[in-house]
């Protein structure tokens, strides 16, 4: 499979504000990237980010999306609403959403369908926790997550990404090696072929999201099945995130 331009996505989580928006925008406005760059701020800042970045190629996205299209669902935001305010993508099934808000694979499937229908690129997050990792259940967990969230999708002309985020390697002091990441990403790709077919699976970018920093970005992106990065805490430092983006630029195939 031919290596493609990496996609680097910043997930600000419940952080940020107008100060971070201004400093982040200032650090990107005059730069030209060959890699794809995306930023997912909290909901209330999406419209501002879209406005500030309208003359750049940087994508703006959401950290979540509702599984409902409309109705009496207080606090929810639909995929169509995200599209209308200019969102390019949305994260779905992030580990924090699964753990803290009990999101499951069935709801992820519905959310992906809603996002695709609205023209918003879904990024499905998958990964195992520490206990599952220690028991050697990584493939079993990923198999369940992928096979329950992705069957029956119509991807013709549409984009889908999968982000592998090993929960055991996030904020724990443990780190997944580039070789471990490559092995898991290769497994994910094989399961995508089984679910979606070869052509559709080859179009899906597989990102890595386990404590990504400038120190490990180059080694990760050098692996053949690592198509990009999902960056958490490091993305809150505009200079640090810009350095990761520069590394991704260097990883763009000639």
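Placement of Cβ uses the backbone N, Cα and C atoms for every residue, glycine included.
According to TrEMBL, the feature substrate binding site maps to 11, 12, 13, 171, 211, 232, 233. As annotated by TrEMBL, active site, electrophile applies to 94. The active site, proton acceptor annotation in TrEMBL covers 165.
The structure, with features from TrEMBL marked on it.
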residue: 11; record: substrate binding site; contacts (Cβ under 8 Å, 6+ apart): 40, 63, 91, 94, 209, 230, 231, 232, 235
residue: 12; record: substrate binding site; contacts (Cβ under 8 Å, 6+ apart): 20, 39, 40, 41, 42, 63, 235, 236
residue: 13; record: substrate binding site; contacts (Cβ under 8 Å, 6+ apart): 42, 63, 96, 232
residue: 165; record: active site, proton acceptor; contacts (Cβ under 8 Å, 6+ apart): 94, 95, 125, 126, 127, 208, 209, 210, 230
residue: 171; record: substrate binding site; contacts (Cβ under 8 Å, 6+ apart): 211, 233
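The number of other CB atoms found within 10 A of the CB of residue 211 (substrate binding site), across every protein chain shown, is 20. Taking the centre of the Cβ atoms of 11, 12, 13, 171, 211, 232, 233 as the substrate site, the nearby residues of that chain (Cβ within 8 Å, site residues left out) are 170, 231, 234, 235, 236. The Cβ of residue 94 (active site, electrophile) has 27 neighbouring Cβ atoms from other residues within 10 Å, across all protein chains displayed. Classification of residue 11 (substrate binding site) by DSSP places it within a strand. The highest number of surrounding Cβ atoms within 10 Å, among the binding-site residues 232, 233, is found at 232. Taken residue by residue with DSSP, residue 233 (substrate binding site) is part of a helix.
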